[in-house]
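Reading through the structure tokens given below for one structure.
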Amino acid sequence: MTKPSILVMAGGTGGHIFPGLAVAEYLRICGWNVSWLGNQSGMEYRLVKSCNFPFEAVEFGGLRGKGIKAKLMLPINLARACHQSWKIMRRLKPNVVLGMGGYITFPGGLISKLLKRPLVLHEANSVAGSANRALAKIAMRTLTGFPNTMENAEWVGNPIRQEFDDIAAPAERYEQRQGPLSLLVVGGSLGAAALNENIPAALALIPLEQRPTVIHQAGDKHLLDLQKRYADLGVLADIRPFIEDMPTAYAQADLVICRSGAMTVSELAACGVASCLIPFPHAIDDHQTANAQFLSDADAAVFLPQKNLNPQDLALMIQNLTRTDLKEMAVRAHALSKPHATQRVAEVCADCAGVGI
């Protein structure tokens with residue numbers, strides 16, 4: 001019996017790639033043949049190859065922030081990408097095509113329609129990206145990571161690693177804790193300077209007996225500067241370039257201060273952990289603000305725009321939050337999670353392909 005096959009399309013950012021990899025791995029375990037369409041010069045190439053999925057390269061990029069030359073070349077570049085996608089799909093003959101977002105999905109989505117291959121879309125952010133908005137008109141099914149993102153779409157949540165869903169319930173975790181609060185800071189790569197500048201200064205304003213313990217993920221690029229800043233301010237902190245086991249780090253934290261990318265917000269909800277979300281202000285379509293408000297509107301997180309970020313107010317916020325407050329916030333966040341998102345996306349793909357998982 002021939003195995004069912006899927007072509008996953010995603011690229012550009014981790015918010016598109018990582019949920020695609022979660023679905024790809026799930027379907028591979030279920031016995032599907034999985035291939036990936038992406039840009040060989042994008043971050044998806046390294047990530048997908050490291051997971052041992054066949055990679056099909058298409059040359060196509062976005063227009064936002066590009067000059068007039070890129071816009072003038074769009075028809076030629078799109079035609080080339082469509083031709084490449086056509087050859088790939090004619091050869092692979094996938095039972096279903098899954099677009100997870102990013103400009104690279106646009107030519108492949110068009111060709112899936114021409115070749116009468118079922119197209120399923122998944123939008124990770126609270127604000128739909130350009131490619132998904134355009135392709136939604138021809139997709140068989142549209143799925144979203146957040147509610148009320150696109151018309152005629154099913155809110156399934158964002159596919160994440162199973163380890164995030166396996167953590168003990170927040171009420172159980174928080175009730176067992178005593179002593180100073182545990183603070184986890186995830187600086188990320190986008191605009192980390194604002195967090196790295198203000199958070200150590202805020203902690204220095206908190207009296208020693210009230211000061212939380214701190215783990216700060218800095219990234220390799222900012223590690224030495226951040227170590228010096230904490231030391232100069234006399235604040236003891238565990239500063240790491242990277243946290244390998246993020247589910248455990250979330251589970252052990254009382255409060256997380258971080259950006260609000262789609263996957264981060266979904267992981268916070270899955271784990272059930274209180275957070276202070278500081279959206280990256282220059283994200284496309286300001287989607288990080290909308291992502292953060294998904295939790296903050298339900299009193300499941302503190303929403304702090306970067307323009308309002310300063311050490312004095314941040315220190316006051318941390319001091320005013322009790323562990324009981326944080327537990328209640330974490331419980332509300334957990335109630336918004338979609339623990340079976342990966343399975344649901346896979347089920348929809350199988351349904352559109354007319355086969356079982």
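Glycine too: its Cβ is placed from the backbone N, Cα and C atoms.
Model, not experiment: these values are computed from the prediction.
Copied over from Swiss-Prot:
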type	residues	note
BINDING	T13, G14, G15, N125, R161, S189, I243, Q288	UDP-N-acetyl-alpha-D-glucosamine binding site
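For R161 (UDP-N-acetyl-alpha-D-glucosamine binding site), the Cβ neighbour count at a 10 Å cut-off comes to 17, with all displayed protein chains included. Taking all protein chains in view, 28 other C-beta atoms sit within 10 angstroms of the C-beta of Q288 (UDP-N-acetyl-alpha-D-glucosamine binding site).
On its own chain, I243 (UDP-N-acetyl-alpha-D-glucosamine binding site) has V186, I215, Q217, A249 as residues at least 6 apart in sequence with a Cβ closer than 8 Å to its own Cβ. Taking all protein chains in view, 18 other C-beta atoms sit within 10 angstroms of the C-beta of G14 (UDP-N-acetyl-alpha-D-glucosamine binding site). Q288 (UDP-N-acetyl-alpha-D-glucosamine binding site) falls within a helix when secondary structure is assigned with DSSP. Using a 10 Å Cβ-Cβ cutoff, G15 (UDP-N-acetyl-alpha-D-glucosamine binding site) registers 26 neighbours.
N125 (UDP-N-acetyl-alpha-D-glucosamine binding site): 28 other CB atoms within 10 A of its CB, across all protein chains.
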